[in-house]
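Taking it in order: structure first as structure tokens, then the write-up.
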Amino acid sequence: MLNTMNYDIDITKEPPADDTARQYYFIEKAKAYVQRESEELGRPLTFCVTTFGCQMNARDSEKLCGILEKIGYVEAPEDEADFIIFNTCTVRENANMRVYGRLGQLKPRKKKNPHMMIGLCGCMMQEPEVVEKLKTSYRYVDIIFGTHNIFKFAELIVTRFESQRMVIDIWKDTDKIVENLPNDRKYSFKSGVNIMFGCNNFCSYCIVPYVRGRERSRDPEAIISEIRQLVADGVVEVMLLGQNVNSYGKNLENPITFARLLEKIEQIEGLERIRFMTSHPKDLSDELIEVMGRSKKICKHLHLPVQSGSSRILKKMNRHYTKEQYLELVEKIRKNVPDVSLTTDIIVGFPGETEEDFEETMDIVRKVRYDSVFTFIYSKRTGTPAAVMEDQVPEDVVKNRFDRLLKEVHTIAAEVCAVHEGTIQTALIESVSEHDPSMVTGRLSNNLLVHIKGDKGMIGRLADVRLTECKGFYYLGELAE
Ligand code: 5AD
Ligand code: SF4
């Protein structure tokens, strides 16, 4: 689904000053180069964007795809593509290793195919050591850019076509938000919508504030007009995206709270479902809980990363809440938003974590009884305060704790899931089931999946479904009469 604008552009003239218009100018310019190459080749040039990491990156990739399609590239599988782009993540070290591995595999292909280009972007590129390593050991990469200037992709492609050299453009930070560029949505019926960029929290283990920059909120009018457009194109569900959505709007010229933004979005006719992530417990307001409690459209799901159950570790993590405050918050949410599904992120093996600290984490998991938990082994990120903390926990100890935690969260999640067996709930049908082509997969308001008999004609529809059998993390169901 390509969303785009139409501009009158003359590429024989100088580029326009306005950021959006300037990029449409470079899109036209790049188009001419791509057309020339495809005429030489006798076939269209192809591309493949591979996304690592979170939903923010997934949304950024849709923007990259939109620009590439507008330029005239055609999407293809990675092993056939002329232009391969890795949109990278650096939140944990293993994400970086995977990118170097994949990049190494491309070297022989690039030697054989003179038309081939490789682009790298995303969070990992914001780390100066990474770019140094690429400059010395991966000279065959064509374009390197970061998280702040994704919007310039077409311009960078043109620079590459005109210079034949490695193009590197990394910005340290930005206050710019460039609106209305093309994007190619993966799903016709649901879409991510950025409401803010960056993070100001500086949790001591986290590299995100260093690679995504300071917090910037989009204007509510821009968000609402984007969602209106999406709804007009057939979207029924939006996922509002930000590293810390609860502090949305604080730094706007006309400040507005996240809860108020949700109320405005709720009024958009034709929009059926609203999701959002991620919420920081320290900023989650009573106003938001109230709005969630009375909303007809906001899904009954809250992702509320706890990170650890030990108040001592939470302090060292710079999270600004204690175990007790988190538990009080959970109680308040459950009281005001009945049946809400709670999910979380937990890091095991943060520096200095003792067996007692870990037991506190197990305890909070047993008390909250999460619907699902994303568990992570602590990964040391150079430049963050935690990387130089004493008492890094030995690997075998971390592994043992990680396994114990995983077992506990699985047992609890299966019990929590079973509670809804036999009920009728609304599901948004998202795809044909991967395992059985006679089944379709739907997502419930609480974010769990249900498989029912059906065909691809049902995709994008909201259907009432009876949850006949709980399978631990998903359900089997049937259409309710
Ligand atoms: N090591 C392990 N997990 C991390 N996360 C962020 N930084 C690290 C790190 N250095 C996890 C947090 C966050 C999620 C997106 O990734 O749990 O909520
Ligand atoms: Fe990282 Fe903390 Fe910001 Fe989340 S809130 S992105 S964990 S610094």
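Cβ coordinates are placed from backbone N, Cα and C, and glycine is handled just like the others.
Any TrEMBL annotation is an automated prediction that lacks curation.
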Among C121, C123, C199, C203 - the residue TrEMBL places in the same [4Fe-4S] cluster 1 site as C54, C89: C123
Spatial separation of C206 ([4Fe-4S] cluster 2 binding site) from C123 ([4Fe-4S] cluster 1 binding site) - C-alpha basis, Å: 12
For the domain 'MTTase N-terminal' (45-162), the mean pLDDT of the predicted model: 95
Cβ-centroid neighbourhood (8 Å) of the [4Fe-4S] cluster 2 site, C199, C203, C206 excluded: N201, F202, Y205, I207, V208, P209, Q243
For C199 ([4Fe-4S] cluster 2 binding site): intrachain residues, at least 6 apart, with Cβ closer than 8 Å: C206, V208, P209, R212, E215, Q243, N244
CB contacts for C54 ([4Fe-4S] cluster 1 binding site) [other CB atoms within 10 A, all chains]: 17
In the chain carrying C89 ([4Fe-4S] cluster 1 binding site), residues 6 or more apart in sequence that have Cβ under 8 angstroms from it: F52, G53, C54, N57, A95, G122, C123, M124
